[in-house]
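Written out below as structure tokens is the structure these notes cover.
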Amino acid sequence: MAVMLGLNYTFVSEFILIGFSTFPHLQLMFFLLFLLMYLFTLLGNLLIMATIWSEHSLHTPMYLFLCALSISEIFYTFTIIPRMLADLLSTLHSIAFLACASQMFFSFTFGFTHSFLLTVMGYDRYVAICHPLRYNVLMSPRGCACLVAWSWVGGSFMGTVVTTAIFSLTFCGPNEIHHFFCHVPPLLKLACGENVLEVAKGVGMVCITALLGCFLLILLSYAFIVATILKIPSAEGRHKAFSTCASHLTVVVVHYGFASVIYLKPKGPKSLEGDTLMGITYTVLTPFLSPIIFSLRNKELKVTMKKAFLNKLFLQNS
């Protein structure tokens, strides 16, 4: 729907999400697949949170940050996936202007909060391995709460900056977004006016700078961690120290690997179907893999979850 503004412009009051309508024969299969992955993501993160909350031995900074990471992941997927699932079963794919802006704000807020929390977790491992005697001072409960709070503040700031910049543009029509949610690149293609290119460059620079900054800080943390681990004389000691970082490092590689494909891919002829499928990697696949990685690669969490499950099973059978 568009409202006339003067003689030459129209104001777009709603958008049409094209999404997976280019794959009409696969929509039911996509719905079932993404629904199962979404439910698994929710259950996996809720299980991690419940395990951490119920087990006193896991009430440490590392697991506090993991709990905050699970919360941000649940909110992030809730912002995008339920709407995508509804559209896969519906013939009406319209989304109101304000709803589109809200979806963009929350997706960027929770997405960047996730990146900032991964950076904080890298810092936590750096302090634990490189400065173990100062760990309780540097990672005090108040300090940890501040780091988590600032991660959420940073994510909210990024969401506000990106959403304000994009929705300050004029959308003159057409109003078809070639994606399954309100993402920046397809919306920029619908904008008109002289400042679209400047806004696109500005938003791209802000997002890439924030992601690259987080990634470089994580790399710096692990450079110091590796240098410290190599100084440990026993192989068992080196393995034990590195095992506490394995799950976090794996999630970082997956998270930034997919992010780099999205933000740093070369310019060129773009396939709309390809962009839609690529969007699945960071909206569905990465959140799906994250709880699996933390559950399987973190020995302490895995043992605690198994013990809690077996205890409940034993109580039910007794």
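Each residue's number is its place along the chain shown, starting with 1.
Glycine residues also receive a Cβ, built from the backbone N, Cα and C atoms like all the rest.
Where the annotation comes from TrEMBL, it is an automatic prediction and has not been curated.
As recorded in TrEMBL, the features of this protein are as follows:
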| type | residues | note |
| --- | --- | --- |
| TRANSMEM | 7-23 | transmembrane segment |
| TRANSMEM | 29-50 | transmembrane segment |
| DOMAIN | 44-294 | domain 'G-protein coupled receptors family 1 profile' |
| TRANSMEM | 62-82 | transmembrane segment |
| TRANSMEM | 94-123 | transmembrane segment |
| TRANSMEM | 144-171 | transmembrane segment |
| TRANSMEM | 203-230 | transmembrane segment |
| TRANSMEM | 242-264 | transmembrane segment |
| TRANSMEM | 276-296 | transmembrane segment |
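Here the transmembrane segment (62-82) does not touch the transmembrane segment (203-230). Their Cβ atoms form fewer than 3 pairs under 8 Å, with each pair 6 or more residues apart. Sequence-distant contacts of the transmembrane segment (276-296), counting only residues of its own chain at least 6 positions beyond either end whose CB sits under 8 Å from a CB of the stretch, comprise 18-20, 22, 34, 37-38, 40-41, 44-45, 47-48, 66, 69-70, 73, 76-77, 80-81, 84, 111, 178-181, 183, 247, 250-251, 254-255, 258-259, 261-262, 302, 305. With a cut-off of 8 Å between Cβ atoms, the residues of this chain six or more beyond the transmembrane segment (242-264) that come close are 62, 114-115, 118, 121-122, 125, 128-129, 204, 207-208, 211, 215, 218, 222, 225, 229, 278-279, 281-282, 285-286, 289-290, 293-294, 296-299, 301. Packing against the transmembrane segment (29-50) from elsewhere in the chain are residues 20, 23, 66-67, 70-71, 73-74, 77, 81-82, 84-85, 88-89, 280, 284-285, 287-288, 290-292, 294-295, 301, 305: each is 6 or more residues past its ends and has a CB under 8 Å from a CB in it. Long-range neighbours of the transmembrane segment (203-230) within the same chain, counting only residues 6 or more positions beyond its ends whose Cβ lies under 8 Å from a Cβ of the stretch, are 112, 115-116, 118-119, 122-123, 125-126, 129-130, 158, 161-162, 165-166, 184, 238, 241-242, 245, 249, 252, 256, 259, 263-264.
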